[in-house]
Structures are given as C-alpha cells and as structure tokens.
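*Asks:* Quick paste from TrEMBL:
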DISULFID  475-485  disulfide bond
DISULFID  500-509  disulfide bond
DOMAIN    471-510  domain 'EGF-like'
TRANSMEM  523-547  transmembrane segment
TRANSMEM  608-627  transmembrane segment
TRANSMEM  633-652  transmembrane segment
TRANSMEM  668-689  transmembrane segment
TRANSMEM  695-714  transmembrane segment
C-alpha cells in the first residue's frame with residue numbers, strides 16, 4: 001500500500017469516528033538495516049513519543065529485502081514496549097539471578113516472495129509517553145564473512161506512527177458529578193481525571209444511565225491506558241439503572257488517568273449518564289528538613305568526634321504519631337555519575353527504620369528520559385539485631401508511577417495499573433536483591449513495611465532497620481569477566497547492552513551453557529599465537545638466501561601477529577603489550593606487506609626497482625588499511641598488482657631466454673606448485689571456512705599455511721652469492737678477501 005493511500009484511508013477513518021474534535025498526527029523515523037541477532041546491539045531500536053490525550057495509535061511497519069539472488073525468505077521479529085526498550089531473548093538464554101523479566105509483546109513479519117511487507121498495529125487509548133520498537137532478524141549463523149568476498153542481502157525496516165488525539169477531552173473534577181452523552185456506540189466517550197500526589201484511593205461511580213429511548217442502558221467503562229507488554233486496565237460493565245462503581249488503590253501520582261465509556265446498546269440510541277470521581281488522601285510523614293540538611297552535610301564532610309548524629313527513627317518513636325500518617329517518607333538524593341549511571345543516597349544514612357503501622361517510602365527518580373536504557377539494582381539488607389520481633393518479616397515492593405500503601409493488609413505488590421516487584425526479608429533470609437532490566441521512564445517507589453504472622457497488634461511497637469542500596473548502572477556487574485558493556489545510540493537516545501565472548505551468553509553474560517572452559521581458552525590462545533612460529537622457517541630461508549628485507553618483514557609480521565592474537569582472546573588468557581587497536585593494525589599491515597614483498601621477490605626484477613616497489617607499496621597499503629581495515633581489496637589489490645608484475649617479469653625472462661621461466665622442472669615441482677597449493681588452501685580456509693566456533697584452529701591453520709607457502713615460494717639466491725660462511729667472516733690473525741670481479745683471493 002502506498003503512503004498516500006494509507007494516509008487518506010486513515011483520514012477517512014478519523015472523520016468517520018470523530019469529526020472535528022480529533023486531530024491526527026504523523027511521526028516517522030528513517031529506515032534501518034536489519035541484522036541477524038547475536039546480542040542486543042543487533043536489534044534496531046525506534047523511539048517514539050505518544051502525546052497526551054491520544055485515543056488511537058496506529059503503527060505502520062514496513063519490512064523489505066533486496067532483489068539480489070542471495071536474498072531468501074526471512075522472518076522479521078518486531079517487539080513493542082512502553083516506557084523503555086523491549087527486554088528480548090530470541091536465543092533463549094538465561095538472565096542473571098534476581099533479574100525480573102516479563103515477556104515482550106512481539107509480532108512476526110514474513111518476507112517470502114514479496115519484496116516488501118506492510119503491517120499495521122492498532123492500539124486504542126495508549127499511554128502517553130515514550131514507546132519503543134525493536135526489530136531484528138533470526139539468530140546469526142556465526143560464520144565469519146570476509147568483507148568483499150560476498151554480497152549479503154539487505155533487509156530494511158521502517159516504523160511510522162500515526163496518532164489520533166482528542167483536542168478538548170473533558171476533565172472530570174473530583175467530587176463534582178459530570179453529565180455526559182454517548183452519541184452512538186461508534187463514538188465512545190473519553191474523559192480524564194488528574195490524580196494528585198499522595199492519593200491513596202479513587203472512587204469512581206457511574207449513575208443515572210439512560211438511553212434516548214428511555215430504556216435501561218448497557219455500557220462498558222475502561223479505566224486507564226494500554227501499556228505493553230502488559231496492560232492493567234480496569235474494565236467494568238454497567239447494566240440497568242443501578243449505580244455502577246469501582247474503587248482503585250495506588251493510582252499513578254500527578255498524572256492524568258483516561259476513562260473511556262462506550263455504549264453496548266443499539267446503534268441508533270444515545271446514552272446519557274453522570275460520572276463522579278472522589279479521592280482519599282494520604283497524609284505523609286517524614287523527618288524534618290533540618291535533619292535532612294544536617295545529614296547531607298555530614299555525609300559529605302564527615303562527622304567529627306562528639307558531633308550529634310540524628311536518629312533515623314526520632315520522629316517515629318511515638319506510636320500515636322505513626323497512626324496519623326499513611327506513609328513515612330525517607331528523603332533520597334539522586335546523584336548522576338555518568339551516562340545511564342545514577343546512585344541514590346539516603347540523607348539520613350544507608351539504613352531506614354521500618355514499622356508495621358505505615359509503610360516506609362523511598363522515591364527513586366528515573367524520570368529524566370535517559371534512564372530507561374540501563375538496569376535498576378535494589379539491594380536490601382536486614383539488620384537482624386534491630387528486629388525486636390524475631391518472627392516478623394519485612395515486606396518490600398518496588399513499583400513504578402505509584403507506591404503500594406497497603407502491604408500490611410493485602411501483601412500484594414500491585415498498584416492500580418502496574419504489577420510491582422515483591423521482596424521480603426527475615427532473620428532466616430536477611431538479604432534480597434532486585435534487578436530491573438530497562439526500567440520504564442517514571443518515578444519508581446520502594447515501599448517497606450513490617451509484617452507479623454500473628455497479627456499487627458504484636459508489631460505495633462516493633463521496628464526493623466534495613467540498609468538500602470539502590471543504583472542505576474548501564475550493565476549489571478559490567479557484563480562480568482566474559483562480556484563487554486557497550487553504549488548504543490539511536491539518534492539522541494542512549495542504551496546499553498552486553499556483548500559476550502568465550503562462548504558465554506545471556507543478558508549479562510552469565511549463561512555458561514556453551515561457555516569455553518579455561519583449558520579450551522588456553523588452548524585457543526596457544527594455537528593462535530604459537531602457530532605464528534611457522535614463520536621461523538620462512539625467516540631462516542630468507543636469511544640463508546640473502547633476502548634480508550623480506551626476512552625483516554616476516555619477523556615483523558610474526559611478532560605482531562603473535563601478540564595481537566594474545567590480546568584478541570575472548571577469555572581470561574589474554575596479554576596485551578600495547579593498545580589493542582595498534583596491535584590489530586600492525587598485524588594486518590604485516591600480513592599484507594608480507595604477501596606484497598614475497599611476490600615481488602619472486603618476480604626477479606632489478607634490485608633498485610624491487611626496493612622502490614617495496615617502499616611505495618608498503619606506504620599505499622598502510623593508507624588503504626587506515627581507510628578500511630577489513631576490506632578484502634586491501635589484501636587482494638596488492639596481491640593482484642604484484643602478480644601482474646611477476647607474470648610480466650617472467651614473460652620477459654622467458655622471451656629473452658627463449659624457454660620457460662623458471663626453467664628448472666625441479667623448481668616447479670618441489671617449490672612453486674607446493675607453495676601455490678598451500679596459498680590457495682590458506683585463502684579458502686580464510687574466506688569460506690572460518691566461524692566463531694572454529695576460529696581458533698581454522699585461523700591457526702591459516703597462519704601455518706601462509707608461512708609454509710612463503711618458505712616454498714621464495715626464489716633461490718643469486719648465483720654469484722655464496723652461502724653464509726660464518727667461519728670465513730671471523731677475523732682471526734688474517735682475513736680472507738674475495739674479489740667478485742677477478743675471482744682472486746689474497747691473504748693479508
């Protein structure tokens with residue numbers, strides 16, 4: 001479907017549904033090239049912002065593939081999430097312990113015979129704020145492809161967003177009955193109500209419902225907005241003239257709550273009704289501001305001997321004071337450390353007092369818009385000596401948008417529109433940890449309350465001290481010893497992901513199902529490094545035949561290839577003598593220059609021309625590697641040019657001598673043909689057989705074959721050159737001097 005046709009059909013739907021009260025808006029982002037999935041960095045992320053008062057959201061998803069013969073049928077997986085990037089697990093790996101994972105909402109788009117596939121996804125009454133889409137191809141095959149040897153198929157994905165927004169949505173005032181009319185079932189009624197801070201409960205009532213035909217009405221009421229992957233809308237159906245009501249606890253503070261009412265009656269009948277909303281406030285209690293500033297100064301400058309230390313529970317000792325509050329606020333300071341890195345510090349010390357009468361509440365601000373790309377870590381530690389009731393339990397709940405204020409009665413870690421993450425502490429289990437991967441952008445709350453098994457009466461005077469450690473980190477535990485934490489970017493949005501190595505996998509590289517053992521890592525390191533010693537025969541042959549420049553190049557290549565692969569290892573057997581990028585560049589440079597000087601040496605051109613080509617070619621190779629280090633033509637270009645020079649020189653020598661060059665059949669059978677065979681086998685292994693799993697031994701074979709081919713392909717020394725005779729070079733009483741021109745010897 002074309003863009004103009006799709007847009008016109010949407011406009012027709014908008015006019016049919018709403019008339020002039022609604023406004024349509026269109027948001028688009030540039031297409032991205034899809035990748036096969038091996039870690040989160042392969043998923044292409046799209047970030048959109050849904051405006052307030054949106055009643056209809058439509059995604060237009062377009063997937064396409066190239067027309068090359070390499071392109072086959074492919075399945076594109078698209079994930080959706082509200083508030084943060086989707087947490088996905090296409091490979092079925094394990095997540096770290098204590099991490100909470102909820103399956104993402106996803107769909108599949110199949111690209112078979114069609115070059116392009118267009119899919120629509122509609123969401124009614126979506127939550128306002130950040131929405132994320134992540135798309136990727138199936139699992140990567142693991143084959144290492146040399147850039148330029150093959151042309152991979154191009155798969156593209158683009159996401160566009162259309163929203164239908166109500167321009168003048170009615171506002172339901174608390175405590176004021178608002179009459180409204182539903183014109184027809186095709187035009188539902190939308191209203192919104194603002195939830196003030198410290199609201200404990202909302203009572204919503206629908207009454208005086210009557211159709212235009214003076215009959216009993218049937219309507220459906222939907223409270224809240226849709227969020228993915230999970231939605232917690234409250235839906236009630238009201239029938240007849242009886243008042244219909246619902247009570248909602250723990251609503252999102254300082255936010256608008258949408259209410260949609262739709263008629264389930266006949267198509268031609270309108271419905272009139274009244275709506276009423278009322279709130280129950282919560283009176284917070286907290287320590288004084290003087291104590292807060294005093295604690296802040298002490299935490300920064302330190303307390304001197306004899307300086308007064310404020311008690312955390314000073315304001316909470318009186319039980320009658322506690323009963324007058326529905327929660328106890330603990331002031332928390334947000335300290336930004338780096339990108340997607342935040343530390344939360346309690347002003348009154350790392351420990352908080354927890355009671356049974358009212359919950360202790362901590363606010364963890366993740367509302368900056370750049371915090372959803374990391375991991376929120378909450379660690380709780382119970383001080384056993386502070387627990388006066390040995391059989392009591394500290395119940396905790398981590399929730400977004402609104403706190404849970406009734407842990408002592410329900411012990412349920414759920415709010416009106418969000419399912420929180422429960423934790424518990426006791427004398428038998430004094431520590432608890434929670435890891436929230438990609439926490440949604442919002443205010444997060446930590447609620448703690450003391451629970452006694454025989455009832456709250458025995459807990460009235462009980463108290464527990466809990467140490468709270470909370471922070472936001474890009475990658476939990478920095479991806480461990482077998483992973484690398486990478487900061488990813490989509491336009492101005494930053495998020496982090498772990499790239500695992502040595503066979504480890506998982507979100508934080510904690511899944512050792514396919515991990516390499518330490519012995520296998522040591523073996524891989526030894527194979528990749530010691531296989532470079534096969535250059536020693538080539539160096540010895542070059543020195544023996546007076547090719548000293550070539551021998552120097554081979555020595556350079558052997559040295560940097562050995563230490564590059566010692567630094568390039570994914571496991572613990574790693575040794576880097578200098579910067580990794582420098583070692584890699586020197587290894588690539590030495591490899592290509594070695595091939596260049598070997599073929600030029602075989603061409604048997606004049607020495608002055610050979611050395612000029614050595615220097616000029618090395619400079620050009622260094623430049624091309626700086627431009628594109630992994631391009632296949634960085635190796636193939638010098639090889640082909642050197643081969644042209646060699647073939648031209650051999651043809652010249654053959655024409656001049658009037659017979660084949662090289663003329664000796666032994667040279668062809670015992671040196672050239674074995675060397676060429678080894679070189680072709682090496683190129684085949686390097687270009688077509690290497691994968692992530694077999695890299696350590698296939699690349700070691702490449703080292704051996706290339707070094708062996710060099711030893712075979714080096715031409716014999718010049719005829720007037722004699723073998724190295726070290727005894728004749730030593731000065732002992734007299735010297736032996738040789739005159740190459742007259743071939744006479746004289747003793748001096």
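Just so it is clear, glycine is given a Cβ too, placed from its N, Cα and C backbone atoms.
Automated prediction, rather than curation, is the source of TrEMBL annotations.
Since this is a predicted model, take the numbers as computed values, not measurements.
How buried are the listed features, and what sits near them?
*Replies:* The Cβ of residue 475 (disulfide bond) has 22 neighbouring Cβ atoms from other residues within 10 Å, across all protein chains displayed.
Sequence-distant neighbours of residue 509 (disulfide bond) (same chain, six or more apart, CB under 8 Å from its CB) are 479, 480, 482, 483, 498, 500, 501, listed in sequence order.
Across the domain 'EGF-like' (471-510), the model assigns an average pLDDT of 92.
Note on the transmembrane segment (523-547): residues 516, 554-555, 557-558, 561-563, 565-566, 568-569, 571, 573-574, 601, 696-697, 699-701, 703-704, 707-708, 710-711, 714-718, 721, 723-724 of its chain, located 6 or more positions outside it, place their CB under 8 angstroms from a CB of the stretch.
Residues 549, 585, 588-589, 592-593, 596-597, 600-601, 633-634, 637-638, 641-642, 645 of the same chain lie 6+ residues outside the transmembrane segment (608-627) yet bring a C-beta within less than 8 angstroms of a C-beta in it.
With a cut-off of 8 Å between Cβ atoms, the residues of this chain six or more beyond the transmembrane segment (668-689) that come close are 146, 149, 662, 698-699, 701-702, 705-706, 708-713.
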*Asks:* The transmembrane segment (633-652): which same-chain residues, six or more beyond its ends, come within Cβ distance under 8 Å?
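*Replies:* Cβ under 8 Å, 6 or more out: 148, 588, 591-592, 595-596, 599-600, 602-605, 613, 617, 620-621, 624-625, 661-662.
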*Asks:* Out of these disulfide-bonded residues, 485, 500, which one has the fewest other C-beta atoms within 10 Å of its own C-beta?
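*Replies:* Sparsest of the disulfide-bonded residues 485, 500 by Cβ contacts within 10 Å: 485.
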